[in-house]
Amino acid sequence: MILLSYLLTYLLCALTCSARAIHNGRSLIPRAGSLEQVTDFGDNPSNVKMYIYVPTNLASNPGIIVAIHYCTGTAQAYYQGSPYAQLAETHGFIVIYPESPYEGTCWDVSSQATLTHNGGGNSNSIANMVTWTTKQYNADSSKVFVTGTSSGAMMTNVMAATYPNLFAAGVAYAGVPAGCFLSTADQPDAWNSTCAQGQSITTPEHWASIAEAMYPDYSGSRPKMQIYHGNVDTTLYPQNYEETCKQWAGVFGYNYDAPESTESNTPEANWSRTTWGPNLQGILAGGVGHNIQIHGDEDMKWFGFTN
């Protein structure tokens, strides 16, 4: 009887502890099919919140998409307002939704910390989310992607520059070049009117050097980039489309002034797609302002989930 009582007590404790781990330690076992917060994904120097969507039909060795919200946005808002969770159910990948810690919820794309590999800023926290998710779900490290809108697009370019080792591709919707919002006062979450208004204009080579300086010892492959922008954007002026495409053309060694092709009315009427090479496309949306539509099906093609 004593042995039986001991075993029952042990089993009850094990079940209780397991339930407590699931309840309190969402970082251990996030539920599939819903947006879940992960509270312990490792070092989080800038207090960015992590939310994750694990599909109900999770693939073996799944891919990962990091989907980064806009100013005033949240992980919940981007989860609801973007197509990535629905697409995850179709393709079996995991979606990470970071959430900015700042009032107004813009991202820090301005401090030296965030613009430096392992520098301790927002980019560092997001990179650690990727590392945790890859390990937790045995994800395919060659199928990790990043995308975002507005401030999230700025961070997309920053992530591609600071952690090129983590990402295979990125899609930026209405952003600016990596480093364009640099704060001379080293202020996180700073606004840069000169950049926003399209007045930060330089050469592809100079833009490339800014991106490459964010991880100066890196010599490996870099994520291919697709850049979307509205041609009547009055928040982040359309010149930022040109400058962002210049930056990645410089990084990949493409001649910015001699693209391989330009297609009209694609992916929809009055939009144009310019291709500089296999690693860089730009899509300029005619008549579209800052509120640019996410093209999830096009993203799936760029990320290699569909043909």
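Please read every residue number as a count from 1 along the shown chain.
Glycine too: its Cβ is placed from the backbone N, Cα and C atoms.
Per Swiss-Prot, the feature signal peptide maps to 1-19.
Less than 8 angstroms from the CB of Ser150 (active site, charge relay system) sit Tyr70, Cys71, Tyr173, Ala174, Gly175, Thr235, Leu236, His290, each of them six or more residues away in the same chain. The active site, charge relay system annotation in Swiss-Prot covers Ser150 and is backed by similarity to another entry.
The N-linked glycosylation site annotation in Swiss-Prot covers Asn192 (among others) and is backed by sequence analysis. Asn192 (N-linked glycosylation site): 18 other CB atoms within 10 A of its CB, across all protein chains. DSSP classifies Asn192 (N-linked glycosylation site) as coil under the three-state reduction.
The Cβ neighbour count for Asn270 (N-linked glycosylation site), using a 10 Å radius over every protein chain in view, is 12. Taken from Swiss-Prot, the feature N-linked glycosylation site covers Asn270 (among others).
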